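K.L.:
I have a structure I would like to understand better, so I am pasting it below and will then ask my questions one at a time.
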Amino acid sequence: MLSSLPSLLSSLPLLPNVSDPRSIFLDSAASVRLIGFSAARRNLNLAASAHAALLKSGLHSHLFVANSLLDAYSKCGHLGRALDLFDRMPRRDVVSWTTIISAHCLNGSAADAIGVFVDMLSEETAPPPNEFTAAAVLRACGMLTDERMGRMFHGHLVASGFAYDVFVSNSLIDMYAKAGSIVDAERLVGGLSSRDVVSWSTIISGCVLHGMFENALVLFVEMLEEGIVPNIVTMLSVIQACSLLGRPSLFTAVHTCLIKWELHHCIPVAKSLAIMYAKNGFFYEGVKVFHQFFSPNENECFDPDLIAALIHGCTQTGSLDHGKAIHGRVFKMGFLHCTIVENSVIDLYAKHGQIESAHFIFQRMEERDIVSWNTMISCLLKNDHADESLDYLSQLHAASGSELMPDFVTIISSIQACSMMSSLENGQILHGLVIKSGFNSDVFVCNALIDMYGKSGWVNSANQIFQEMDVRDLGSWNSIISIYGIHGKGASALKVFKNLRLAQTHKPNAVTFVNVISACGHSGLPLEGFECFKVMQRDYEIEPTIEHYAAVVDLFGRCGKIIEAEKFIEEMPIKPGPSIWGSLLGACVIHRNVEMAKRAAAELSVMEPDSNVWRVALSNVYASAGLWDEAAKVRAEMKREGSRKEPGWSYVVLRGMEKFKFIVGDTRHPETDRIYQVWRTIMEHITDGFVETL
C-alpha cells in the first residue's frame, strides 16, 4: 500500500518540496493537507495509504490528524472505517462528533446520525455541540422527513442559543422545507433580519420538492425584489418549477434571466434548460441549448437525463426521425446501455407504433427496471396487442422474483388489458394481486377493476367494488354509470347519477353526461335521457360537445324517434359531424327508414368519402327494406373502388392459457377439419331442434 505513495505525493501541488516524500508523515500540517486532498478527490486508496503511514510515524494520535482521516473516510463512502477510527480515538472533540454525524448522513443513515447525537449529549466527557453539529443533526431530521423530531431539536437550539445563528437558521429552513412544513420554513425566512441567497434558495427548493411550484416562483420574485442575486442552486430549482408547471411563457422569461446573470454558461444550468424545453415539447429549443454548450465530440456531453429528455421531446412532438438520429448517435458513441436512455428509446418507438423496434431494444437491455417493463406493456396495450401485454406481465413475474415487483402503472395497464379482452379469469387473478400488494385502496386501480368487471359482464362485482371504495373520485362514478349503460341498466345508471348529485362531493362533468345519456339510450328511456341533456346546461353550465349531441341522436334513434332525431340535428347550434350522421344512419338500419338513411349517407359521403362504414350501413338499410338492387349497387360501388369491409376477429381463450384468434372461414388452425366437423354437428342439432318446434 505504501509503495505507490512516492509517485502520488510528488504530483500534489499542495505539499512542500521535500527530498523524501515519506517525511511528510512526520509533519502533521502536511499530513492533513494530503488527507484533505484524498477526501476532495474521493480517493479511498490514498486516504488508506496515508493512514497506514501515519500509524507507522505515530502522527495518527494527533487529534486534528485523526479528524481529517474521519472526514476523508466518510467522504470516500467508507463509513465502516470511519466508525472504527472514531471508536479507537483516545480523545474526541466537537469536530470528531460532528464529522461522524455527517458521515452517517452522507451514507444515508439519518437515524443513526440522530443516535450519535444522543450519545454525544449523554456522554459526560463529550464536548457540547456547536452550530456545525446542529446543522448536521438538522440535515438528518430533514432526510427522515421527521417534522416532530425537527421541532424538538428546534426547541433545544432555542434553549441553547444557536437558533439565532444565520448558518443554523438556514439549516432549520432546510429541515422544515424537506419535512414538508413549508409554512414554518416561510415563517423562519420572514423572521430573519438578514436573508441571504442560501435562505431563499433553501425555501424555493423545498417548495419545488413538495410540488408547490407556483409558491416557489412567488418566493423567487420576492427574493429579486429584495435585491438578492440568485445563484446556480436557486436557478436549478426555478427551472425545475417552470418545467413542471409547463407554461411556455415562463421558459423564455427564465432563460432571459439566466443570460442576464451570466449563469446560462454553467453546465448543470444548461442541462436543466435543455431538459425543460425538451420535456415540454420544445424539442428544437432544447437541441439548440444542447449544441450551444456541449461538444458532440466530448463524452461529458452524455448526460443520461439530458439524452432521455431530448428523446422524450421527440416522442411528444412526433419527431420520429430526430429520435432515430439521437438513438443512432448514442449507439455510435457506445452509450446505449443506460437504462433511462433505453427506456426513452422504447417509449419513442412505442408511441409511433413501431412495436418490433421497441421489442428489439427491450430484449437487448442489459438491465431492466420496472419502467422498462411498464413501457413495453403500455406499448403493446396501446397498439391493440392486449394479449401480448399480459404475456409480458407473466415474464416480469417469472423473471424478477422479489427484486422487481409490479408497481401502480403495471397493475393499471394489466387490468386495462384484461378489460380490452374481456378476460375475466386473468382479471380476477390480477384482482388477487391487487389485494395482496395493497393497491386495493388506490382509487385509480379500483376504477380500472370496475371497468374490467363491467366489460367482462360481471356487473354485480363492479358495483361491489364501487360500494366498498372508501374514497371515490369522479372517475369512479363515471365508470359505474358507463358499465350500467353498456348492459342496458339505464334505471341503475340514473340512480347512481342521482346519488352523485345528492352527495355533492364531485360535480358531474362532460363525460358523466355522455355516459348517462348513452345509458338511457341503451335502455329505452328517451325522456329521462333528454332531461339529463337539459340538466347539463341548466344546472351545471356545461356546453354540449359533439359527443353529447351524438349521444342524444343515438338516444332518439334507438327508441324509434328518428323524426325527432333528425329535427334535433337540424336545430343544433354547431355543424353536425360524422358521429352525428352515423348515429342517425345506424337508427335507420334498425327502423328501416330508407329515405332518411339516404339523407344521412349523402352527408357522410361528403365528410368521409373513403369510409366503408356508412356504405355498409346504407346497403343494410336497402337489404332490410327488400331493395336488393339498391343494396347490390352500393356493394358493387365498394368493390369497384377496391373497398372492402375489415373482417371481424373472434378470440377464444382455453383454460386461461391457450389463445386463438380467427375470422370467418379461417383455415389456419392445425385442427381445422375437426373444428368444422364439430361446427357442422352443432348446426345439424340446431336445425333438427328448430324443425321439431315447428
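Start at 1 and count along the chain as shown; that gives each residue its number.
Every residue gets a Cβ built from N, Cα and C, even glycine.
Copied straight from TrEMBL:
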type	residues	note
REPEAT	62-96	repeat 'PPR'
REPEAT	196-230	repeat 'PPR'
REPEAT	338-372	repeat 'PPR'
REPEAT	442-476	repeat 'PPR'
K.L.:
If I take every residue in the repeat 'PPR' (196-230) and average their pLDDT values, what number comes out?
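P.N.:
Here the mean pLDDT over the repeat 'PPR' (196-230) amounts to 92.
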K.L.:
Could you count the residues of the repeat 'PPR' (442-476) that DSSP puts in helix, in strand and in coil?
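P.N.:
Within the repeat 'PPR' (442-476) the tally stands at 26 helix, 0 strand, 9 coil.
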K.L.:
Across the repeat 'PPR' (196-230), what are the DSSP residue counts per state (helix, strand, coil)?
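P.N.:
Tallying H, G and I as helix, E and B as strand, the rest coil: 26 helix, 0 strand, 9 coil.
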K.L.:
Which numbers of helix, strand and coil residues does DSSP report for the repeat 'PPR' (338-372)?
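P.N.:
With helix first, then strand, then coil, the repeat 'PPR' (338-372) has 25 helix, 0 strand, 10 coil.
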K.L.:
Just give the helix, strand and coil counts over the repeat 'PPR' (62-96), going by DSSP.
P.N.:
26 helix, 0 strand, 9 coil
